[in-house]
Amino acid sequence: MRFFAIGFGQAGGKILDLFMENEKLRGTNTLKALAVNTARTDLMGLKHIPPKNRILIGQTTVKGHGVGTDNKLGAKVAQEEIETILNAIDEMGTHEVDAFLIIAGLGGGTGSGGSPVLAKYLSEMYSEPVYCVGVLPAPEEGKLYSLNAARSMITLLKYVDNLILVDNGAWKFEGLSLKESYAKINEEIVRRLAILARAGEPVEENLVGEMVVDSSEVINTLRGGGISSIGYATLPVQEKKKTGLFGLFKKKETELVTAEEDKSTKIATLVRKAALGRLTIPCNISSAERALVLVAGPPEYLDRKGLEKAKLWLEEQIAGVEVRAGDYPTRRTKHVAALVVLANVTEIPRVKQLQKLAAEAREEVEEAEKVRIEKTISLFDEEDLEPLF
Ligand code: GDP
């Protein structure tokens, strides 16, 4: 799955930078990465996205200092400079791209406001699907962040083919503050995106997948413009014991050969763990319209029967009946990883809660403004002065 990814704003840029590092370490160069921001320092902090693929927008308005938490200004700046962004995308080349992936924190200003603008134009100009990975604010960040995220989500859903949500609140790590958790949360996001990016990509030399999932199946799973959540679980593979000088004679005893039945149960259990464990956004799995399972790991641990079992199980769990499953053999890992994409889920308590907080925040802002205007006017009540003009 070849992504053209755009990291919009601070969170988006950092997550994409890590994704880029991950792909470089794997030796794959299929990911196209562009960072867009209104804050110069955020762009300068990136390490793996080449400087020529970083765009500073809004220079005339905010002079490289960012838009703060004003996502209306974020949207305005993105709209004013949409040509610059689209030209950069075009120049980097889009002919081999399977999908666009906008990554952004939805509670802030630049990414929250800019992402829906970019999604609108990309969906109009290109036939490839446009996805957004949207990071939701944690409750402790306050109502303004909720209001921003709720407004951004509503707008994004008008234009994207799918909105994959990540809830910072649900992912904050024990004993760490939210800020300290960012690096770990970003790693978790990138682990999932990296597996998704393997779908349909050529496998390493001399390896063959048992069941191949190609990019069109990812696209079919994510179609429809809804919200998705991703589950993930890993299992360390047992290392073969070193056999030493007499290894040849002892081979049968020491080599850990996994029985076929055991292997398929392990895969099915791992997929179940991924679907029922911590999702990028907690949701009711039975409200998912479709699902996609991708298992990656050393070929001797992958198993067709196990995947089929997992597929049947998932079909019973979700609302719809479309479950796609495939695997990706790789020797570059000591883990078997299972990814479960729950597509177009409708029961997401955090989104409902955000809507409520956002409505409250809007009322409070309007009320505060009314009071402020009244109080300001009353300051001049006593004097019967005429304005200058
Ligand atoms: P922008 O630069 O104006 O788009 O604003 P940010 O990207 O900083 O968006 C603010 C939101 O993103 C807040 O809800 C933050 O909690 C969240 N955020 C900021 N940086 C990170 C990060 O590195 N990782 C994650 N997961 N969230 C982040």
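Placement of Cβ uses the backbone N, Cα and C atoms for every residue, glycine included.
According to TrEMBL, the protein has these features:
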BINDING   Gln10, Ala11, Gly12, Gly13, Lys14, Gly109, Thr110, Gly111, Glu141, Asn168, Asn186  GTP binding site
DOMAIN    2-200  domain 'Tubulin/FtsZ GTPase'
Diameter of the GTP binding set by C-alpha atoms, the set being Gln10, Ala11, Gly12, Gly13, Lys14, Gly109, Thr110, Gly111, Glu141, Asn168, Asn186, in angstrom: 20
Per DSSP, three-state class assigned to Thr110 (GTP binding site): helix
Fewest Cβ neighbours within 10 Å, where candidates are the binding-site residues Thr110, Asn186: Asn186
Cβ neighbours of Gln10 (GTP binding site) where a neighbour is any other Cβ within 10 Å: 24
